[in-house]
Amino acid sequence: MADVDVCVVGGGFAGLTAALRLKQAGHSVTLLEARDRVGGRTFTVQRDDGSWIDKGGAWIGPTQDRIHALMKEFGVASFKQYTGGEAMMVVDAKQYRYQGTVPWTLSPWASLNLGAAMFELTQMCKTIPLEAPWEAKKAARWDRMTLAQWLRKNLVSKAAHDLLETAIAGTYTSDASEVSMLFVLYQMASGGGPGFVLGGEGGSQDSRPVGGMGAIYGPMAAELGDVIRLSQPVRSITQDADGVTVQSDGMTVRARRAIVAVPLAIASHIAYAPMLPTDRSFLHQRMPSGAVVKISTVYDEPFWRSDGLSGQSAAPGSLATLTIDGCPTPAARRAGCGHRGSHCAAIRAP
């Protein structure tokens, strides 16, 4: 049995950061990770040619201060996402090329409807208190409403509806019918509005770390060393007057405190004694993780650039609903392009 000050459950960025800060402050720590690797929902694979592919999360935006702070701490540089040329949207087998975030080359009615919806989202975001989104004047109403319901009400143009649904739902890796409108507004407001969530330059897909996300979590794991225990799925956490006992498949950890740094859907599979408060248990049950298929396709060269295209496309209803230029450096000859599938609920593991 390990006896430490703190036991951290989960080896994603949240768990790694918590364990690292505790160790740096002089506390004894054990981190238990269920998988055979760290990184959580980020996973960088190195290729034989020296390039890399991020199988999970890959992009960072200018307002995401904490990941930028980690990059600075470990000396990880970033490079801008390629946005030169035009993006493309495919609706009913018809192609539309455009520049910027919104495809104004759609029909005048679709463009007007889309612009009005974006303006309304921006105004709604301004009413969300970031420290307490549930205190927004219309919080209860918006929390009872799904993103899909809001889109149906506000986007009567099919082309505009399909584009915004694909872009927003793709960002949250969930079907629009599964996402609370209040949650969407809170996330958008946290980044500065819908333009941040949907945008490239200056938005949530502004840049990427050189070497992929593994260039950040790799040094973190190296500094933690034997603090990390892999292949240790936690089954139970028991709290008593003196601390907690954390039981995984292969070991027992006794600690003064425990930090559970895993998605709520995974945390719900841990047995807690005493039981968690009712509201917290309900939250675990009603907040599933998103699911998405991401495919990286490697070409000899980024041929779309010579055609005046950015590599970014949206094709609602297709197998590859969203694509983006995934080259590992701004001027890479070998290019990866990430594709994300729709119908997320159908691919989610039980």
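Note that Cβ sites are derived from N, Cα and C of the backbone, with glycine treated the same way.
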Inset, instruction - From VAL227, VAL234, VAL244, grab the residue that TrEMBL records in the same FAD site as GLU33, ALA34. - result: VAL234
Inset, instruction - Quick one: among the binding-site residues ALA34, VAL234, which has the most Cβ atoms sitting within 10 Å of its own Cβ? - result: VAL234
Legend entry - Near-site residues: FAD, ref GLU33, ALA34, VAL234, CB cutoff 8 A to centroid: VAL9, GLY10, GLY11, LEU32, ARG35, SER231, GLN232, PRO233, SER248, VAL262
Legend entry - Spatial neighbours, same chain, of GLU33 (FAD binding site) - Cβ under 8 Å, 6+ residues apart: GLY10, GLY11, GLY15, ILE228, ARG229, LEU230, SER231, GLN232
Legend entry - Greatest inter-residue Cα distance in Å for the FAD-binding set GLU33, ALA34, VAL234: 8
